[in-house]
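Shown next, in C-alpha cells, is the structure this report addresses.
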C-alpha cells in the first residue's frame, strides 16, 4: 500500500465522516438538553430527499439545502411536540419519526418524479462542488494541462499530495461540519445558553427554579438538532451523492448515535469518534475482505465494528459512558 | 383515583388514536392524488375478499403476533426491546440450522425442535443487551438497536461465506428438505372440489402464534413470575421492596421477549421461504412495536392489532400492484400508529381526562 493510497482512504474517510459528524453534533445538542433522539436517521433521510428534490426542481443547491433543513426542522418540531409538550416517550417518538421519513420520502418521490422512489440525478449546479483551496492541485489544473487529476497529484511531492487530496477539494459543507465542532464546544461550554442547555439535561428542576424556561430551552436544543440533521441529509444527497435514493441514509443516523455514546456526549470526542467510524466505512468501501497474512477480516466485521465498539463502550468495560442525568425524562413542573 | 373509567383507557383511547392515524393516512393518499375510499375498497378486496387474500393477511399477522408479543412482554417489565428484528434474524438462523443439518422423519417433530432452536437463538441474542442493562446499566434501547445491525452483519457473513451452496451467487442457504415442509392452510383446508388459500403462505404456525398469545396471557396475568414482571414494570423501587430481583426480572423478561421474536422464524423461514435468505424478517421486528403499542401490550389486543397490520400489509401490496401508490404507504401508516398510540398518547388522553372530570363534576 503506497502513501497516496493511504491519503485517498483518509480523504474518503473525511467525506464519509461528515454526515456522521453533523448528525452526531445534532444528537449532542438534543441529548445534552435531556431529549433522547433516535430519530436522527429519519430527519437526515427527510432532509436528503427534500434537498435533492428542490435542488433538482429549482436547479439551486442552496434552495435545496434550505428545503432539507426545513424538512428536518418539521420532524424535529414533531419530536419536540411529542416529547416536550405532551411528555410522551421520546424513544417511541424517535422510532415513529424514522418510519415516517422512510415512508413519506418514497411516497412523495414517487408522486413528484415517478422514478421508483428516487429523484433525478443532480447536475453540477444542483450539487455542492469541491472547493479548490489556494495552491492546491484541483480540477482546474487538470483542465489547464489537459491531463487527469489523479496523474498530476501522483507526480507531486508528499506535502502537496496531502494538501491537494486530503485537505483541498471538499465541498463547503465538509468544512462547515468540521468548524461546527469548535463552535459546538464554544456554545455548550462558554456561553450562558450552553450552560443552561446542559443544566436542563442534568437537572431541569434547578433550571426551572432559576426562572429559566425548561420547555423553551429544550425546544431550542431540538431545533438546533433539526438544523444540523438537515445539513447532514443535504450533504448526503447533494454533495456525497448526486440525488436521493430510497433509504439512502443506510443506518448513518444510528452510527452517529453510536459515535455520540462513544464520545460520551462531548464535541471534540464526537469528531474523533466520527472520524474513526468514517474510516471504518472508507476501508469497508475500498477493500472487501482484508488480508492480514493468512488471516482474513471479512467485510462484515468492518460493517459491524461501530456497533460492536459502542456496545463495548456502553458496557463500561472501556470507561463508562454516562448519559445526561435527566435524559429521556419528560419534565413535569409540579409533583 | 382513576380519572377515567377503564373502558375509556383500554378501548376509547386506542380507537381515537387509530382514527387520527387513519385520517392522516387518508390525507396522505389525497396528497399524492389518489382516492382514499377507492384505496380502502381495493385493500379490503385484496386482503379480505378471498381466501387467497386472507392467506396472506394471516401469514403476515402470524409474524406480527410473535414480534408484537415480544415487545409486549418487555413492555410489561418497562423494557423497550427494539431488537426484535435482530432477534428474529438470529431465530431464522437457528431454525435453518435445525432444518438443514438434522434429518427429520416428520414435519411435526421438526416444528417442535425448530421452534426451540428459533426461540433459543432469539433469546440468546437478547441475553447480552439484557445482561448489560441489568448488570452494567447500559441503556437497552441503544444496545438492542446496535444488536440489530450486528445481527444483520452476522447473518450476511454466515449466508455469504458459510451456508451458501457451492456455485450459487444468491446469498441464501440451500432449500430445506421436503420432510420439514409445514402444512399450509391450502394443504389443510382445501377439498378435492374447491381449493382454498391457493398459493398463500399461511401455514400451521398461525396456530402456534395463537397458542403463544394464550401462553403469554397465562404468564403475565396468571403466574407469580408474570406478577413480578408487572410489579417491576410499575415500580422498580416497589418491586425491590417486595423482594423481587431486578436482575432476574430484566433477564427473564428479555429472554422471553427475544425467544418470542426468534419464534417468528418458524413462520417466515420454515413456513414460507423454506430456506434462509438475507433480510428474511422484512421489518416485522419493528412492526411488533406498533402492534404492541396498539394492542396495549395485552395478548388479545396484540392479536387484533397483528391482524390489522396483516391486513394493511396485504392490502398495501395490492395497492402497489393496481395503483400508483407505493408499498411505502404502509410504512407511513405504521409510523402514524406508533406516533399516535405511543408518543402522542397524552395528546388524546389529556383532553379526554378533562372531559371525564367535567362529566363527573356535573353528575356529582
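The backbone N, Cα and C atoms fix where each Cβ goes, glycine too.
Within the set B:110-128, B:167-185, the record from TrEMBL flags B:110-128 under the feature transmembrane segment. Sequence-distant contacts of the transmembrane segment (B:276-295) (same chain, six or more residues past either end, CB-CB distance under 8 Å): 14, 17-18, 60, 63-72, 75, 82-89, 92-93, 95-96, 148, 152, 155-156, 159, 163, 170-173, 261, 264-265, 268-269, 301-306, 308-309, 334, 337-338, 341-342. By number of Cβ pairs under 8 Å, the transmembrane segment (B:329-348) is matched best by B:12-33 from the list B:12-33, B:53-75, B:110-128, B:140-160, B:249-270. Counting Cβ pairs under 8 Å to the transmembrane segment (B:140-160), the top-ranked stretch among B:87-104, B:110-128, B:200-220, B:249-270, B:302-323 is B:87-104. By the Cβ criterion (distance under 8 Å, sequence gap of 6 or more), the transmembrane segment (B:110-128) is counted as touching the transmembrane segment (B:249-270), at least 3 such pairs being found.
Highest Cβ pair count under 8 Å relative to the transmembrane segment (B:200-220), across stretches B:12-33, B:53-75, B:87-104, B:249-270, B:302-323: B:53-75. If one looks beyond the transmembrane segment (B:249-270) by at least 6 residues along the same chain, the residues whose Cβ comes under 8 Å of a Cβ in the stretch are 59, 62-63, 66-67, 69-71, 73-74, 76-77, 79, 81, 83-85, 87-88, 90-92, 94-96, 99, 110-111, 114-115, 118-127, 129-131, 133-134, 140, 176, 180, 182, 203, 205-206, 208-209, 212, 216, 219, 225, 228-229, 232, 239, 276, 280-282, 284-285, 288. Remote same-chain partners of the transmembrane segment (B:53-75), defined as residues 6 or more beyond its termini with a Cβ less than 8 Å from a stretch Cβ, comprise 45-47, 81, 84, 87-88, 122, 184-186, 197-203, 205-206, 209-210, 212-213, 216, 219-220, 229, 233, 253-254, 256-261, 263-264, 267-268, 271-272, 284-285, 287-289, 291-292, 295, 297-299, 302-303, 305-307, 309-311, 313-314, 317-318.
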